[in-house]
Amino acid sequence: MADGVRAREGAAADEPARAPGRATRLSGRAAAAKGMLRLRGAWASRAGFHTGNALVLHQGGDALFKRMVEAIDQARREILFETYIFCHDRIGQSVSAALCRAAERGVTVRVITDGLGTARLDLFKQWPAAGVDHRIYNPHVFGRQGFARTHRKLAAVDREIAFVGGINVVDDFRNGDHELPFPRWDFAIEVAGPVVAEVVQSIDKQWRRLDPAPPGERAPRPPRTVTHVATSLPASPEPCVAFVSRDNFRNRRAIENAYLVAIGRARHQILLANPYFVPGRRLRRALVIAAQRGVDVRLLVGCKEFVLLDWAVPWLYGKLLNAGVRIAEYDKTLLHGKVAVIDDWWGTVGSSNLDAFSLLVNQEANLVIVNDPALVELKRAMLAALDDATAIDGSHYTARAWWRRLGNWFAYRLYRVAMKLLTIGRYD
């Protein structure tokens, strides 16, 4: 079987809806095979699926960065690193020290940080002397990349191991000046195998975009190492992984389309967790339709981080609750994970929120995972978080005070108008 498998491009046509109660459970290899058949010819983004990868799920920054520092310390040739936030705290100091050690022993080290998410830290002053190359994505609020930020959290070591997820370089127990009662709820995937080449190529492309030299004086573009040799997914239930990145060029809706394809073909259960749940109509409609055809749709959302979103997001609950979607707000600690598991065989872990910034403006990166054992662990963590969250009662939601309903409406309209302007009308 070829390592790189490209799914046929084109929009997915929904299968006929089933009446509630007719959705049947498929488990194990049967569910995976059925899911692969449903995805055949339906992948709407430019995503290459790869077999032969080994995945490890990391929950929380402590576990992730302990392993990442180990990998950096073992690097022999090259380290590529890209993040939205790089904090000058115990985690940031640990990662920075490892990067400097690698550069000092002759490893090529390239780091990209975002101009808004990460300030110009004193920590960075150590990097040139050690040999760490550093470029800043969009240093100003509105710069060469417009309002876009790099919100991606990526690393690649020796082109053999990659890390993809939603975890910034920050202490799990800190949120700005506030201490969290429990570690931040977040995830990343460590992967070894053919898909690493796509991660490397993506970071390398970003690095070249940020080259300060005039176009005629820039280093020549390296040859593409990633090829897609097939036009559809195999019907085999063999584990597959796709690296899906969102940019403002060819892949504007790549991550959103990945969600839509999987949601449109869900038959048993959709578990979806996201800190900032303000998607456009297409994704909300897909969740409603899934629930109406008998799929168990559970939505875990973050709260108590941004006041505007705390007021705006509940305005969207009504239609979802009426369709049978179960919604819970996670207030045990800061929910930052952007993850989903659908029908036990499809899942995603990455940096993309389900809001206008992530879906239509920022640079984002997710892994889409099909029939891999890592999904079992991810589903277990999501179900545990749902148990810890506060369920939204439909009757209480409907009976909320008039001033709260008015506040929800006004906050959502304010958010919607702002996003319409920011996305030049693309947010729906």
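Using the three backbone atoms N, Cα and C, a Cβ is placed for every residue, glycine included.
In TrEMBL, annotation is done automatically, which means it is predicted and not curated.
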Using TrEMBL as the reference, determine which range in 1-24, 121-144, 385-408 is annotated region 'Disordered'.
1-24
Write out how many residues of the domain 'PLD phosphodiesterase' (331-358) are helix, how many strand and how many coil, based on DSSP.
3 helix, 12 strand, 13 coil
From the Cα of H336 (active site) across to the Cα of D158 (active site), what is the distance in angstrom?
28
Between K338 (active site) and H151 (active site): CA-CA distance (Å):
12
DSSP-assigned states of the domain 'PLD phosphodiesterase' (146-173) in counts, ordered helix, strand, coil:
0 helix, 13 strand, 15 coil
